[in-house]
Structures are given as C-alpha cells and as structure tokens.
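Undergrad: Below: one structure in structure tokens.
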Amino acid sequence: MIVAVPGSKSVTARALFLAAAAGGESVLRRPLLSDDTDGFAAGLAALGYGVDRTDPDAWRITGSPAGPPAPAADVQCRDAGTAARFLPALAAAGHRGTYRFDASAQMRRRPVAPLTGALLALGVDLMHDGEAGRLPLTVRAAGIKGGDVELDASLSSQFLTALLMTGPLTAEGLRIRVTGIVSVPYVEITLAMMRGFGVEVTREGDTFVVPPGGYRPADYAVEPDASAASYVFAAAALAGRTATVPGLGRGALQGDLRFVEVLRRMGAEVEIGPDATTVTGTGRLAGVTVNMRDISDTMPTLAAIAPFADGPVRIEDVYNTRVKECDRLEACAQNLRAQGVTVETGPDWIEIHPGTPAPVEIACHGDHRMAMSFAVAGLRTPGTTFDDPSCVKKTFPDFHEFFARLRADWGV
Ligand SMILES: O=C(O)C1=C[C@@H](OP(=O)(O)O)[C@@H](O)[C@H](O)C1
Ligand SMILES: C=C(OP(=O)(O)O)C(=O)O
C-alpha cells in the first residue's frame, strides 16, 4: 500500500531560513504544515520578511540578504528547537534592529548556550533575558564580521546548522571548528540545502569553511518527513503489512530513513528504491542492540514496539534524547513500565525486555513522538489512550486521523 507522509520539518525550517536570507523570491513546494513550521514562518513574518502562504503547497518567501526588514520584533519560537536555534542566528546577521526570542516552557529549558556563546564570541550583542544560556534572549543586530569560531555541538547539531546557515551572511565568512557533534546526518541536510541555495561549504578536518557572499533564491521541493515515516514503517513491521512511502528513496536527504535498516535487522523486509521505500512485516521481530546517535528521533518509535520483539532491544548512545520535547529516555521507560514491561535505563541507553504491554493511558509529556510511537504500539495493545493526544500538532497535526485510516485500510 502507498502511504504518503507530510513534508519534512527539518527541510521546511531550513528552506524557510535560506529563502529569507536569499535575495529575491523563493518558492517552497509541499512544505510541512504543523505547529513548528507555522511558528517558524510566523517568526520570519514578524521579522519583516515576505511570507505568502496563500497556497499551502507553494509558500512564497521574499528574502532580505541585509537582515530582518523589521526594526524590532518579538518572536515566539513555541516548542520548536529549529526556530529557537536558527532564528536568533539569522537575526544576529542583520545590520540594525532589536529582536527578542521566547519559546514554550520546555523550549526555555532546552540548551542554547553553545550557540549563543559562539555568537557572542563573534561579537554579536546578545543578552539572555532570564536564565543564562537559555531563552528568552534579545539580539541587537549590527552585522557580523565573521572569522574563526569554536563550537561544541554535542548536545545538539542545531547549533552547528544555525552557524553554518548564518555564515554566508557575514562579511568575511566563517571558519567553524567543531569540538563535539551529535545527530550528524542533520548537518548533511544543512550542507546539501545550502548548496541548493548556491553556497558550497568546504571542510578542513573538524573545521567547516563557509564562504561569504550570500544565497541565491530557489524553487525548492520539500521531501517527505523521514521521522514521520518511521511510524508507518514500524506499524507495517508490527502488523505484518506492507507500506511504501513515496518520495523517500536512495537519494533522500534525511538520515532518519535509516530507521528501516533497524527494522531489517529485526526481521522486516526492506526495499529502498530510487524514489520510495517499502517495508513488509514478516510476523516476527527479533531483539537488537542498536546505536541510534545519528537517528535519535526514531528512538521512541523503536522503544514503543520493542516489547513485541522476541529478545531484548537495547538502544545506545542517545543521551541527547534527554533534552528534547521531554526527557525521552525516562518518558519511554515510564510508559513501558506502566504497561508492565521490564525496562532499564542508563545515562545514554535504554534496554527493553520482551513482554505483553497492558493498555494504559500514555503520559505524553507534551511530546509528539511519545504519542505517535505509542499509537503505533497500540496496534497490538487495544485500549491504549493518551493524556494529551493533540501534542502531535508539533510535526503531524492530523496524525491520529491518518493512522486510523491506515489501520482501516490494513484491517488491523
Ligand atoms: O536540525 C534539525 O532539523 C534537527 C536536528 C535534531 O536535533 P539535535 O541535533 O538536537 O539532536 C533532531 O532531533 C531534530 O528533530 C531536528
Ligand atoms: C527533537 C525534535 O524537535 P526539535 O529539536 O526540532 O524541537 C523532534 O522533532 O523530535
């Protein structure tokens, strides 16, 4: 069965940034329509960029290479790591204006200090209005000269993406020496998309060299969201059905498509074609030990279906899942234990033992991935409910309707 999923959150956010930074009009085809990307686009509009979303399938963005056209703005980044990390960096490269950035209670708790530290080191006038190293913060833009800067991106690759995308807007370009990094495939998305808007970043060992000179506008097609597709693939594997997700094939930008390799190791049949990926469940899921450092947004997907494997599932090297929409390692463990499943966790790992999960109300902690992951596992645990089903709006507003249709089509 062909199962289309919405556009990628990560690609939509980057395309919005790059289009705003480019001179002229860019078109974003099939962008993701969700709270994160709505907040990002609304943030750009508040900063004065031209944002025309009349056609939901073709957003038109009028860029401003000199920086935000508005002299002042209050930007609400909501619950989005992308907006909270990318937009202050974009604004900082402007040449005049005062911009304040705030976010949800959880996003206020999530780290931004390595990024704001790098911006301060580059001479940006930036003030944390509350707790040091967190949102809210205020940027007084006066242009960035550029040059050498060090960055620790071991808590979030979004710090590096923000600096990379800002590089071409500086007078001399940036040489970013990276002292630690996580979620590496997201940096590859950034570099590929910067190329799509006319900028070639080069690498010298652990240093990224970003040339000055700005971006050119583009007509950009957003690929489907690979993290969202993980729910479809996991459901196929669990229900013994076949799902083909179009638009995500061998050339896909997103590392999260590699989740299907985990399902393959667990016994599912997987075919990655030139422009689509197909997963067929075989009725069996084997236990597995897997390092998910590169694809940690799919950790909850795997954790939720793990009890149905015939051996332990151990997920390693995912410490950064503790600083996402919630502490995902503990939230997964808490929900699985509530279902009666045996679970152990460590600082950066979780191990889940085979079991028969009991139907409970899942504690979502406001985290879209908690709701979507346990909805998939609910295929085999009828009676599962959620304390906050609408939290899926962050990246997949009609997930529950979508999933109910999929179940009806599969007869499961
Ligand atoms: O750059 C991006 O679009 C993202 C990077 C990843 O975050 P970290 O780099 O913080 O792990 C990922 O979890 C997030 O959903 C989106
Ligand atoms: C971690 C996530 O989002 P972000 O960091 O972009 O808020 C996510 O979507 O799982």
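Using the three backbone atoms N, Cα and C, a Cβ is placed for every residue, glycine included.
Curation plays no part in TrEMBL annotations; they are all automatic predictions.
Reproduced below are the annotations present in TrEMBL:
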type	residues	note
ACT_SITE	D297	active site, proton acceptor
BINDING	K9, G81, R110, Q158, R328, R369, K394	phosphoenolpyruvate binding site
BINDING	K9, S10, R14, S156, S157, Q158, D297, N320, K324	3-phosphoshikimate binding site
DOMAIN	3-401	domain 'Enolpyruvate transferase'
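Give me the local environment of each listed feature.
TA: In sequence order, S227, S230, D256, K324, R369 are the residues near D297 (active site, proton acceptor), counting only same-chain partners six or more apart with C-beta under 8 A.
All protein chains considered, the CB of K394 (phosphoenolpyruvate binding site) has 25 other CB atoms within 10 Å. A helical conformation is recorded for K394 (phosphoenolpyruvate binding site) in the three-state DSSP classification.
The DSSP secondary structure for Q158 (phosphoenolpyruvate binding site) is helix.
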Undergrad: If you count other Cβ atoms within 10 Å of each one's Cβ, which of the binding-site residues R14, R110, K324, R328, R369 has the most?
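TA: Highest number of other Cβ atoms within 10 Å: R369.
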Undergrad: Cα distance, R14 (3-phosphoshikimate binding site) to R328 (phosphoenolpyruvate binding site), nearest Å?
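TA: Distance (Cα to Cα, whole Å): 24 Å.
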Undergrad: Would you mind checking how many other C-beta atoms are within 10 angstroms of the C-beta on Q158 (phosphoenolpyruvate binding site)?
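TA: Summing over all protein chains shown, Q158 (phosphoenolpyruvate binding site) has 29 other Cβ atoms within 10 Å.
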Undergrad: Work out how many Å separate R110 (phosphoenolpyruvate binding site) and R14 (3-phosphoshikimate binding site) at their Cα atoms, rounded off.
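TA: If we compare the Cα positions of R110 (phosphoenolpyruvate binding site) and R14 (3-phosphoshikimate binding site), the gap is 20 Å.
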Undergrad: Average pLDDT across the domain 'Enolpyruvate transferase' (3-401)?
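TA: Mean pLDDT for the domain 'Enolpyruvate transferase' (3-401): 98.
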Undergrad: So which of the binding-site residues is most packed in, judged by how many other Cβ atoms lie within 10 Å of its Cβ, out of K9, G81, S157?
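TA: Selected residue: K9.
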Undergrad: C-alpha of K9 (phosphoenolpyruvate binding site) to C-alpha of S157 (3-phosphoshikimate binding site): distance in Å?
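TA: One finds 15 Å between the Cα atoms of these residues.
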